[in-house]
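One structure is given here, and the rest of the page talks about it.
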Amino acid sequence: MDWGALHTILGGVNKHSTSIGKIWLTVLFIFRIMILVVAAERVWGDEQQDFVCNTLQPGCRNVCYDHFFPISHIRLWALQLIFVSTPALLVAMHVAYRRHEKKRQFRKGDQKCEFKDIEEIRKQRFRIEGSLWWTYTGSIFFRLVFEAVFMYAFYFMYDGFRMPRLMKCNAWPCPNTVDCFVSRPTEKTVFTIFMIAVSSICILLNVAELCYLLAKFFLRRSKKAGNSKQQPNHENKEETKQNEMNELISDSCQNTVIGFSS
Amino acid sequence: MDWGTLQAVLGGVNKHSTSIGKIWLTVLFIFRIMILVVAAERVWGDEQQDFVCNTLQPGCRNVCYDHFFPISHIRLWALQLIFVSTPALLVAMHVAYTRHEKKRRFRNGEKIDIEELKNEKIHIRGPLWWTYTSSIFFRIIFEAVFMYVFYYMYDGYQMPRLVKCEAWPCPNTVDCFVSRPTEKTTFTIFMLAVSGICMMLNLAELCYLVIKICMKESRKAT
């Protein structure tokens, strides 16, 4: 179970995402997970080995390293990426549940089910409306919260996003104050800033997607409200259709037909 | 999620590229990514461990290493390859969007065969031409920027055998010795040369696309 497996799982969610969601997923995999695996893990690979303190006191180096790096950047990023990817699984579960329901309907022989066979049900792409809209929007909201929480945790834990070259350590058993030198501080600072920047881009994409979904929702509601004002009685669908066609013939009002068919 | 996955993602773009684009992709994967993974990473593997300074002062080696190698060559190449590959995804997204639109029109009743749609090779015309051309343009920009960054950061493309370090806490001036400098210089020049070849291929592709569109315009005019 590694990043590749996560890629497979989330790839399935991609089908039911909006365009912004697909861009977000691409940015996540290529600019965050791939950079983490291919580059950042090597940079932080020797972080404790090459953390050098100017003392002969045994145990001082260990204690100082632990004091200044309670959780390594790499591990925090791995946790962040996992938490941020997970809400998409809610959407996947909801879609799987709907498919299961449709398959059940199909097997029962329900006439309402419009699919010809099970294969079609499996391949169907669900539109983001109704309860799926709420699940999808909730997942984006949680993504935003997780991103923000982790960015704050980084900032709080490491007093900013810069990796210092030198740290002065007082922890026992170090004698008095000891100078400790971090391995590759500049490279680490560069990668930290890069990952923060991409995190921010992902937050912006999520905010944009949230706004897009809300706008879509309100537009749909206002369209429905507009339709219901013109046709208050929807009990007889065919009668309504006929009325619509008559209106089209008499008024050449194209908008009404489009509103009905959508 | 590693280079193999990137290859899978970009392999899909290959279908809609020009011939020069396909050659570029092959050069990228075989002469750059593969060389990076199988050879260069081993050469730079022990770069900090075997970076030796002529001093007993603790911390001096760390500080000197950090001073002379702010970002390791390997990481710069990895970033370069990722940035250079990414514009191709714009093309993939555009193609996916075009297909999606055609499927929508099919569902609305227009007569298009769905199987044909999936296998269709979309020609590089109209808005796709602009997306494709700008992706090549961005590729060239990224290549040039990274080549310049390399030159600027390391004062040329040669790896020195000895670097003289004066950063605190090193006492006075300390001699530090780089691990495998000749091998590193060889690989740096190799990667630079292949970068140059990729840039030539991109320029050639750009010229080809521009000439194609100009010829089409002149044919339409006549």
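All residue numbers here begin at 1 and follow the chain in the order shown.
Quick reminder: no glycine exception, Cβ is built from N, Cα and C everywhere.
Predicted automatically and left uncurated, TrEMBL annotations should be read as such.
Copied over from TrEMBL, here are the features:
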{"type": "TRANSMEM", "residues": "B:23-40", "note": "transmembrane segment"}
{"type": "DOMAIN", "residues": "B:42-75", "note": "domain 'Connexin N-terminal'"}
{"type": "TRANSMEM", "residues": "B:77-97", "note": "transmembrane segment"}
{"type": "TRANSMEM", "residues": "B:128-154", "note": "transmembrane segment"}
{"type": "DOMAIN", "residues": "B:142-209", "note": "domain 'Connexin cysteine-rich'"}
{"type": "TRANSMEM", "residues": "B:187-211", "note": "transmembrane segment"}
Are there residues at least six beyond either end of the domain 'Connexin N-terminal' (B:42-75) with Cβ under 8 Å to its Cβ atoms? List them, or say none.
36, 150, 153-154, 163, 165, 167-171, 174-180, 183-184, 187-188
Residue numbers, six or more beyond the limits of the transmembrane segment (B:23-40), whose CB comes under 8 Å of its CB atoms:
3, 6-7, 10, 13-14, 17, 73-74, 77-78, 81, 84-85, 88, 187, 190-191, 194-195, 197-198, 201-202, 205
Across the domain 'Connexin cysteine-rich' (B:142-209), what is the average pLDDT of the model, as a whole number?
93
With DSSP as the reference, give the number of residues of the domain 'Connexin cysteine-rich' (B:142-209) in helix, strand and coil.
41 helix, 8 strand, 19 coil
